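What follows is a set of notes on a single structure, which appears directly below.
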Amino acid sequence: MLDNAYTALTSVPTSSNLSLAMPNNSQRNIDASIIPLLNCQNQGNILYNLMCGSHFRWFRCDEMRLCQLGCDVDEFRCKSGKCIGKEHKCDLYKDCEDGDDEQDCFKCQHALCSDGRCLPKHWLGDGEVDCDTCTDDDIELEMKASGDEDITKCVFLCNKTKCVYEAMLHDGVLDCRGPEGPLDETLGALASTVCYQKEYPSLNYSNWAPKCVYIKDDFEELIGCRNMKHLEDCQNFECPEGYVKCPEAYCIPLHYVNNNKYDCPNGEDESTSIALECPGYFMCDNNQRQKMCLHPDFVCDGKEHCPEGEDEINCNVQCLTGLLCVSGAVVVIDPSAEVDLNLIDVRTRYIDISGTNAPNVFSVQPAHSFNNLIEARFARCNIVSLNFSSLFSVLYKLDLSGNYIESIENQSVLTHMPVLRYLNLSRNTLLSVIQANAFNNNKIEELDLSYTNIRDVTFTRPLCELKKFFLVNTPIALRSLTSSLYEKSLHELDLRGVKDDNVWPDMFKHIKICYSLRVDNFKFCCRQLHNVDTSLKACTATPDPFSSCSDLMDSTILRIFLWTTGMFSILGNAVVIFYRFVYDRKAFGMGYGHFVLNLGLSDFLMGVYLIIVASADMHYRGSYLWGEQGWRSSVTCKASGFLSTLSNETSIFFIFLITLDRFLVIRFPFGQVKIRSRVAIAICVVTWSVGIALALIPGLHYFGHWSVYTTTGVCVGLPLNPLADTAWLYSQSIFIYVNFLLFLLITAGQVVIYKTMSKMRVEKECLTNVGKRRLQDITVAKNLLLVVVTNFLCWFPIGLLGVMTLCGYQMDKDVYAWTAVLVLPINSAINPILYTVPSIVQNYQKSNEQTTRPSSQTTSV
């Protein structure tokens, strides 16, 4: 169930796999990418276990503020922010990084010299004079000053003030359990020697030293012979494990190499004279290019050997099965793991149990509080309640996204997090209520409420420190939002997906947005709405291909094309309809005559659509920002979109029918299979019914949320923007799938017609009466071929652009605008010229010929 891990990583992992030392000398390989790091304002990343130590001075982190919290009444606070017990002050041992716990001391816990100096008491029994008032003849007097009758047997101190006597060395009993480490067992295991040849036999003072080993105590004094006798004649001495040999001299502990102190006789330990390899050892992060390594015996031994003390951070951490506990962080590696906060180490600074089933994290009071935890991630943990309050008093970042929280009450756990800066409540889709006093902590700088059901964010105590606010895809009311942000200066505001499109004068005038405002509708980026100090470069919106803050149709060229194409479509197709009914009624005896007439009716509707949009552009000229929502949601805009879609779909159907009719005439020249007049009328009725149904569906009340005709100011539903909603999928189905299928059929028919006409290149004089009729059909096919080809060349690029959009290609807004205003409706304007003007010219020529001589019967389109 629990593992005890003594490994504490100290450098930022860069390799893909790390090998961690575990109890009983076992190893565990992990992926370095799962170890979380604390980012320090682009200055670099550090491990969480290094926070608030002296190491922190190398970084600029906002989280440093958390290190300045007060200590308990029975603790002493170091200048670095570290808290130590008051009993550790003035014990001659530097518990604080800067040693400020040993300043302004008035009580001596060791030996007091007659001159008032406080010295470690084992110094007074080593045969050397240490008190300044004593001479070489006063050694016995100095020993008496120690206050320990057995001071002559005291080899060194451990547990800060307790003597270790020679008999206690390597006796199998661990006596040293303080910050010095287990010196009685580790040093006692080394070979020993004597320091003096009994110059003072009557005193019988300590005469023990580790042979050829140079090691200091925590008072920076040499352990062993003060006269350094034990370091002589060491040229051929073999160093024990964990020690390295100075050239032609004694041994020093591995961690003395590159520690910025000269320990070898000539300082070789701080140069390149000693080859240092760290595999299998603990590497200190001493912020230098040189390595500093520790033997595993010195890691988590109770004494800080690394300059920053990282070898003693998070030692003997209990870790639940399914979790990874390393470097002050607890991370889930098995989502099925059961998490009990009572079994999480209280020294943890970062915890991520996202994805586990832990609904009671905030509803069951744990046995202890996490007073060191600065970042917690409880995403997707099935949490429904935030009741208890005394868990995380110094929490800095909290992620509660993807849970089932329905409301945040006034006395929730959030009100008891005085230093909370970052709060993520996104994707709590049931969250609809945040009570007025829920955020009494006014230090929150980043708040994410995206994908929640929040409609109102009015707080009794405003979030004065708020810098980043995320409200993506929420039903938030913008008036409530701007009221709660009154006189705020935000770095970032994200309103993408917000359905409220209302704008009003001075909307953002009392809110300064420094770096980023992200919205869907371009009008929220209009200067008329913003504070003069807000740069519009900070505003990011989906560009509108047609409109600006002042005009519905921003481009003058597009405006001209809109009017021109609309007028030509109406006048040209009106002439076509009139001409067909009055002068060419005989064509109704054949199928193509009905199809051509209905094509003219369809193109006429496109002209009506264009004139309506052009008129709306004139109406809103210079003030479109204030009328944009009203226009796009109006019945007129929806009716215009209906006419546009109806015209587009019926036109492509009639072009297909014209191609089919000419194919049958060419393929069956004797009329075995053909579309007769009554059948053509029925087909036209069905075509109009299908077109009306396809165009009407998006406008029905049941499908009103699709917004097919209200996406843009020109009320057209072209699917050339990569959206993934139902309206976009519907437009894709109609404008791409259906039309593309018809394109394939039209292409096949035109290929057959073209091949057939190529074979019919014969002289008119050689034709029989049947051949002449065949020639008439081919002449009709030639006239209609130009109509079909031009329509095909118009619609094929639209289909191609739609397929590109399906594949994720982001269409340029200018391409969208020209496609909707020119490419899409242009055939409605030129079709009359293509298939009616030639017919009128031919009939006129025939009339002139009949006045001079009898003419043969001809048939035109």
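Even glycines carry a Cβ here, placed using N, Cα and C.
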TrEMBL pairs Cys105 with one of Cys83, Cys90, Cys118, Cys131 in a disulfide bond, so which one is it? Cys90
I want to verify the bond table. Which candidate from Cys246, Cys278, Cys284 sits on the other end of the disulfide that TrEMBL records for Cys264? Cys246
If you pull up TrEMBL, which of Cys284, Cys293, Cys315 shows a disulphide to Cys300? Cys315
Can you tell which of Cys105, Cys251 has the most other C-beta atoms within 10 Å, given these are the disulfide-bonded residues? Cys251
Among the recorded stretches 652-670, 679-703, 734-754, 815-837, which has the greatest number of Cβ pairs closer than 8 Å to the transmembrane segment (595-616)? 815-837
Stretch with greatest number of CB pairs under 8 Å, the transmembrane segment (652-670) reference, 560-583, 679-703, 734-754, 815-837 candidates: 734-754
So Cys83 (disulfide bond), by the Cβ count within 10 Å over all chains shown, scores 16
Residues from the same chain, set at least six apart from the ends of the transmembrane segment (734-754), whose C-beta lies under 8 A from its own: 645, 648-649, 652-653, 655-656, 659-660, 662-663, 666-667, 694, 717-719, 781, 785, 788-789, 792, 795-796, 798-799, 802-803, 806
Short question: which residues 6 or more past the ends of the transmembrane segment (815-837) have a Cβ under 8 Å from it? 545-546, 555, 558, 561-562, 564-566, 568-569, 572-573, 575-576, 579-580, 596, 599-600, 602-604, 606-607, 609-610, 644, 647-648, 651, 712, 714, 716, 718, 720-721, 783-784, 786-787, 790-791, 794, 797-798, 801, 861
Intrachain neighbours beyond the transmembrane segment (679-703), with Cβ under 8 angstroms and 6 or more residues off its ends: 590-591, 593-595, 598, 602, 638-639, 641-643, 645-646, 649-650, 653-654, 657, 661, 709, 717, 727, 730, 734
